[in-house]
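See structure below.
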């Protein structure tokens, strides 16, 4: 550990803009974070308050909302403070902790999306066996397994990254401690670390994306073969919101981590990273609410009870 303990803090240099733009980014990030927390918290409350939504699909959606709050909380508040106060430093241990939890929640979300795709596959392709297959025990096991997978990946990524030597410069060309950006600041040979990141992250992203892809291939085939237009529309409406969320998440994450040379051009990662760290957790509750008749119906019912309508 002596070879990198001479660095006690890092400087986050992402988005070097004039003061006016920094203030704008601070307000923007703060607003999006508030919307993320409120939107996902409302989603959790709606699901818990209505017994009609106590199904495997909404159990996973509730856990996804909890995860998105945690996921966004690791990055967005710190970034907003950095932009508003101009304090770009982050301690060595703070950087390691941020990377650990970001990798944990990001990996877990990938597994969650794969689990939710399997849930929709079972509901549409095997409707008569759905409640037998997707029992409470399996649902809990899938959620716990997703978190355990996230723990394994974040331990590997953080451990390998912070085993490197950091002897200067200590500037991280990013607005948070992402693995490729931190690795890029090291004065060690990062070839092995890049290979490990590519293999581990690539296998997770490609593996979970394949589960989603195969599930939806069978789902689409099943929907096309349904006899009536009404049944096809009903089946498609139950998975269209998830398809949109999956496309946003895996599209940006694959571009960042599952391709060779992910650490070679850190400049391009700043803007793209905003999508999966800030924007997607904010959009998820709206995607699942606005495109879901059951959730909209339950929301209207709760608002009527409160006298809003």
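Using N, Cα and C of the backbone, Cβ positions are placed for all residues, glycine too.
On a predicted model such as this, the values are computed, not experimentally measured, just so you know.
Of the listed segments 165-185, 270-290, TrEMBL assigns transmembrane segment to 270-290. Matching 81-99, 100-118 against TrEMBL, the residues noted as transmembrane segment span 100-118. In this chain, the transmembrane segment (100-118) lies apart from the transmembrane segment (23-47): fewer than three C-beta pairs between them fall below 8 angstroms, excluding pairs fewer than 6 positions apart. With pairs at least 6 apart in sequence, the transmembrane segment (270-290) and the transmembrane segment (59-80) have 3 or more Cβ pairs within the 8 Å limit; the two touch. Scored on C-beta pairs under 8 angstroms, the neighbour of the transmembrane segment (23-47) with the top count among 138-160, 195-223, 235-258, 270-290 is 270-290. Within the chain carrying the transmembrane segment (138-160), a Cβ under 8 angstroms from the stretch's Cβ atoms is held by residues 56, 59-60, 63, 96, 99-108, 111-112, 115, 179, 192-193, 196-197, 200-201, 204, all 6 or more beyond its ends.
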